[in-house]
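Notes for the one structure printed next.
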Amino acid sequence: MVKFLCPPSRWTLKNWPVLWQWTGLILASLFFTLLWNSLHMPAALLLGPMSAAIIFSVLNGRVRLSKKPFSFAQGVIGCMVAHNLSFRILGEIIKDWPIFLGGVFSVIIISNLIGWLMTRWKIFPGTTALWGAAPGAATVMTLLSESYDADIRLVAFMQYFRVICVAVIASFISQIWMASGNSGYQLPSIVWFPLIDWMSLAKTLALILVAMPISRLFHIPNGRLLLPLFSGLILQYLGYLNLTLPPLLLAFSYTMLGWNIGMRFSRPVVSYVAHSFFKVFVAIIVLIVLCGCMGALLVHFTHIDPLTAYLATSPGGSDSIAIIAASSPDRVDMAFIMAMQTVRLIAVLLSVPLITCLSHYHTQNNKKSAQQR
């Protein structure tokens, strides 16, 4: 498995000039984007750069993305979601709140149960599985895990590999769903240079740029995505703002997100976790399948379309799911999907004390067992 995941050491980009590496990354991203698009995959603009960045990282590429472009990209995606939302979803949530909360917490319960069982069975060292199985807030869970007897490298791999698996599988299911509805279906063509309301665009960019330092100053979890989302939704509803996002701006943001995810899979990290790859993969697939079962129950009880239910119950990341939903046909209920994804993200963050207690309990039990020996 190590040889499969990590190519020979002579295959390296380490000595390439940085300019060449950036050029290669951009060309590879374009190639994979065209490849995914030729397969009629939604979110090809996300999956293409992600695929290229993974390959470059495993080959010891030295290209790195600073936080500012990624933060800006998250803000753009937040505005994109706000543009597709309306306050009618609040009425739907209140009307069917038991079902809605059931869908949110079922995903959290399933993921925590998988993490707890893996911890009990000692599949991974310490409390690694508890933190790695959390269905969202990947960066927060990775950073917190190190203080609670977890292997931070394995937690990071579990979290971000889950994001990749969810993005790829959700894209495939979305493509299958669209094809089943129309045998001649093709992804809608993109008008790359439409007429633009420059004043509205300036206001939209101002909202994103103001939200970036505020989310950092007040340490708002995932605030770079959520702050523009909720602010844009309110301002748009009140008539103060017409969110304007040209296709080129969205393409740039999808690329930044794809690169950010892919660049986390460096060669040392992949080499370290290669022996656990199969276990991680099985755990993630089980989680995705069980969450899909919850989506099937949503279809049965709420009569929403299967693709909306599947995307709503997919276990993160919310920004990737937002891109896939936006790339899917109009019959997908973006408001329902993002409402459930956002509420679950908040619930996952609120569940941190529970994970902390379980981690502490497991650590204390291990210490007692060691003393009794």
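Each residue, glycine too, has its Cβ placed from N, Cα and C.
Automatic prediction, not curation, is the source of TrEMBL annotations.
Annotated transmembrane segment per TrEMBL: 18-36 (among others), in sequence order.
Taken from TrEMBL, the feature transmembrane segment applies to 43-63 (among others).
The transmembrane segment annotation in TrEMBL covers 69-87 (among others).
Per TrEMBL, transmembrane segment is recorded for 99-118 (among others).
Here TrEMBL flags 130-148 (among others) as transmembrane segment.
Residues or ranges marked as transmembrane segment by TrEMBL: 160-178 (among others).
Per TrEMBL, transmembrane segment is recorded for 190-211 (among others). Note on the transmembrane segment (190-211): residues 72, 75-76, 78-79, 223-224, 227-228, 231-232, 235, 241-248 of its chain, located 6 or more positions outside it, place their CB under 8 angstroms from a CB of the stretch.
Marked as transmembrane segment by TrEMBL: 277-301 (among others).
Residues annotated as transmembrane segment in TrEMBL: 335-358 (among others).
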Of the listed stretches 43-63, 69-87, 99-118, 160-178, 335-358, which one has the most C-beta pairs under 8 A with the transmembrane segment (277-301)?
99-118
Best-contacting stretch, by C-beta pairs under 8 Å, relative to the transmembrane segment (99-118) and drawn from 43-63, 160-178, 335-358:
335-358
Counting Cβ pairs under 8 Å that sit 6 or more residues apart, are there three or more between the transmembrane segment (69-87) and the transmembrane segment (18-36)?
no
